[in-house]
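Peer 1: Annotations for this protein, taken from TrEMBL, read as follows:
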type: BINDING; residues: 14, 15, 16, 22, 23, 152, 153, 154, 190, 198, 199, 200, 201, 202; note: ATP binding site
type: BINDING; residues: 140; note: L-tryptophan binding site
type: MOTIF; residues: 15-23; note: motif ''HIGH' region'
type: MOTIF; residues: 198-202; note: motif ''KMSKS' region'
Ligand code: TRP
């Protein structure tokens with residue numbers, strides 16, 4: 001019999017398209033590794049996706065399934081992890097409203113991730129929903145009383161906000177929620193193929209978990225390397241080279257040797273890139289294999305999401321019962 005896992009993880013993503021290698025090293029890898037140890041919940045945050053994509057709701061149904069397939073392909077096991085859809089757990093929206101009474105507008109305005117996203121999207125004025133999404137994220141994390149939240153480093157302010165809400169709630173009404181902690185990976189920020197920015201879909205500099213062998217090869221061959229290397233035997237500077245950073249992340253066994261050879265000018269960029277493409281494809285192959293089953297049987301993905309959502313909802317209802325009790329809004333239940 002499997003032993004009952006005592007601690008919980010909740011984390012997830014906005015469904016806004018395909019997941020890439022940055023998502024993998026930033027958080028997905030931790031989730032796959034920790035699902036044996038923790039009772040893991042993965043949220044596909046479709047309502048949060050609407051905070052920026054409210055004018056494109058027709059994309060959601062495919063994007064939700066895309067993220068689910070990326071999770072399953074990456075090695076998330078639906079027997080161990082509950083994958084669910086945010087909008088189908090209305091208790092999260094309810095909890096968001098209760099939390100919104102104990103968060104100030106100023107706290108939200110000063111959230112650095114909100115600020116940089118508002119800039120990135122060119123918002124002169126923010127919608128109430130966008131400014132407030134960290135409150136809804138606190139409800140995502142706490143509805144199942146999660147202890148640990150594996151995320152990329154841009155999410156730290158949101159976890160801090162969640163902790164503040166939890167402390168205030170517990171102080172005021174009684175201990176209902178554990179104070180969750182962020183878990184940041186060893187590679188919190190993977191550079192994009194342009195070598196300038198972090199890997200991101202909107203910057204068109206990403207390698208996707210669902211890319212084919214040929215796409216991976218092509219993207220790597222075009223990746224930016226050390227600009228000081230013009231000839232094959234020029235001494236290189238691996239620390240400024242994107243390709244080298246990928247070797248560190250995905251070919252750690254060989255990365256020291258590659259750095260040495262690059263510095264000595266005894267390995268050329270083309271050979272170095274070819275080796276990386278091979279390694280990356282070997283890493284992605286098992287994902288491709290798993291993905292095939294779900295692409296061929298889309299109903300499997302839908303069933304996993306429906307089952308996961310039912311389980312998440314049960315947890316949410318248990319939590320809300322307690323919340324209503326401590327907030328004394330359980331008027332008719334005694
Ligand atoms: N804000 C996260 C992102 O943009 C997605 C998210 C929504 C999330 N709810 C969450 C992450 C709860 C961790 C926990 O990637």
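Cβ from N, Cα, C; glycine included.
Annotations in TrEMBL come from automatic prediction, not curation.
Describe the structural context of each listed feature in the structure shown, including burial, neighbouring residues and relevant distances.
Peer 2: The DSSP secondary structure for residue 201 (ATP binding site) is helix. The Cβ of residue 201 (ATP binding site) has 16 neighbouring Cβ atoms from other residues within 10 Å, across all protein chains displayed.
Under the DSSP three-state reduction, residue 140 (L-tryptophan binding site) is assigned to helix. Neighbour list (residue 140 (L-tryptophan binding site), Cβ cut-off 8 Å, at least 6 residues apart, same chain): 10, 12, 43, 45, 48, 86, 92.
Note on the motif ''HIGH' region' (15-23): its mean pLDDT in the predicted model is 95.
Beyond the ends of the motif ''KMSKS' region' (198-202), by six or more residues, the same chain brings 16-18, 20-22, 120, 189-192 to within a C-beta distance below 8 angstroms of the stretch.
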Peer 1: Starting from each candidate's C-beta and looking 10 angstroms out, tell me which of the binding-site residues 14, 23 has the most other C-beta atoms.
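Peer 2: Top count of Cβ atoms within 10 Å goes to 23.
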Peer 1: Determine the binding-site residues, out of 14, 23, 140, 153, 190, 199, lying near ligand 1 in the sense that the CB is under 6 Å from one of its atoms, and give them in sequence order.
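Peer 2: So the answer is 14, 140.
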Peer 1: Mind giving me a neighbour count for residue 16 (ATP binding site)? Other Cβ atoms within 10 Å of its Cβ, every protein chain shown.
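Peer 2: So the number of other Cβ atoms within 10 Å of residue 16 (ATP binding site) is 20.
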Peer 1: If you run through the motif ''HIGH' region' (15-23) with DSSP, how many residues end up as helix, strand and coil?
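Peer 2: When I sort the residues of the motif ''HIGH' region' (15-23) into the three classes, I find 3 helix, 1 strand, 5 coil.
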Peer 1: If you count CB neighbours within 10 Å, which one among the binding-site residues 153, 190, 199 has the smallest count?
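Peer 2: Least crowded of the binding-site residues 153, 190, 199, by Cβ count within 10 Å, is 153.
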